[in-house]
Amino acid sequence: MDIAVIGSNNIDLITYITRMPEEGETIEAPDFRLGFGGKGSNQAIAAARLGSSILMVTCVGDDLFANSTMQNYRDNGIDTRYVKQVPGASGVAPIFVDPQARNSVIIVKGANNALTPDDLEAAAEDIARCELIVLQLEIHLDTVRAAIALGNRLNVPVLLNPAPATKELEVEWVARCEYFMPNETELALLTDMPVSNLDEIREAARTLLASGCGNVIVTMGERGVLWLGSHGEELHVPQLSVNAVDTVGAGDAFIGCFAHCITDGRSIEDSLRTANAYAAHSVTGHGTQTSYATAAEFKEWLAEH
Ligand code: RIB
């Protein structure tokens, strides 16, 4: 196995709106799509479509979404031996996308909350064979902490994407990660520092490097991506200009592609540039995972751009 993704799965309920309704108002929206989402699953699917072998550690409910989520993993060649099923609702995410392709997301964690440190221990032998553990914050924080500790114990590097943002994650856990990949909001919340320009973002990221984290990679939307490494490396990759129709899941496309490239033996710089292009491609299509290219589709798109 290349990558163990320990994280969430959701069903995304994406409504394409012309504007948000006022309180008490009912408005009509032009379009709606139901699809597979959740930050953990999105990152897993992106990496799998690019050719990585993925061990998925997650939890589904016992509702009508559970079977289709399992089938989606199988369709993408993902190992589902550690997908646990519990009574109750699977995770869902009502999402609103406006005409400028900007999105607002609500998540209901549902079954994702039931993934426990014991579930990780049950998968430890297989996780030990992976080259990378990929984590986000849509599961219980105790399970995230246990996953970082497990990665350290097994000597498997950990990539942590601290999304959605929370103040509850202690910096001591960030320090134990090889790759820490926040956006500006998440970086600000964690460091309590301003992040309104590149210099401020650099300063905030440096405090995390000083704590012991290997690499801080900040995704900054229109401003691109900034990488600071613990050996003084620094790189700013500007955002590619494309015709965006839907930005839902673009950050996950970036992380999934980065995880694929880095476990494929590529340099951090090459992995970042490739992931930046993969994320740019993803915003040109509608939906979350439906906009993630396979290796062949991505290669073709790159040749044209
Ligand atoms: O990052 C996008 C994802 O956030 C969506 O797929 C949604 O499910 C939420 O987890």
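Including glycine, each Cβ sits where the backbone N, Cα and C put it.
Automated prediction, rather than curation, is the source of TrEMBL annotations.
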Of the candidates Asp252, Asp264, Asp270, the one that TrEMBL places in the substrate site of Asn10, Ile11, Asp12, Gly38, Lys39, Gly40, Ser41, Asn42, Glu138
Asp252
Do you know which of Asn155, Asn183, Asn197 TrEMBL groups with Thr219, Met220, Gly221, Glu222, Arg223, Gly224, Gly251, Asp252, Asn276 in the ATP site?
Asn183
Over the domain 'Carbohydrate kinase PfkB' (2-292), what is the model's mean pLDDT?
96
Binding-site residues compared (Met220, Val248) - highest count of Cβ atoms within 10 Å
Val248
Look at each of the binding-site residues, Asn10, Ser41, Asn183, Ser282, Ser291, and point out the one with the fewest other Cβ atoms around it within 10 Å.
Asn183
Rounded to whole angstrom, what's the largest C-alpha distance between any two of Asn10, Ile11, Asp12, Gly38, Lys39, Gly40, Ser41, Asn42, Glu138, Asp252, listed as binding substrate?
15
In the chain carrying Lys39 (substrate binding site), residues 6 or more apart in sequence that have Cβ under 8 angstroms from it:
Gly7, Ser8, Gln136, Glu138, Asn161, Ala163, Asp252
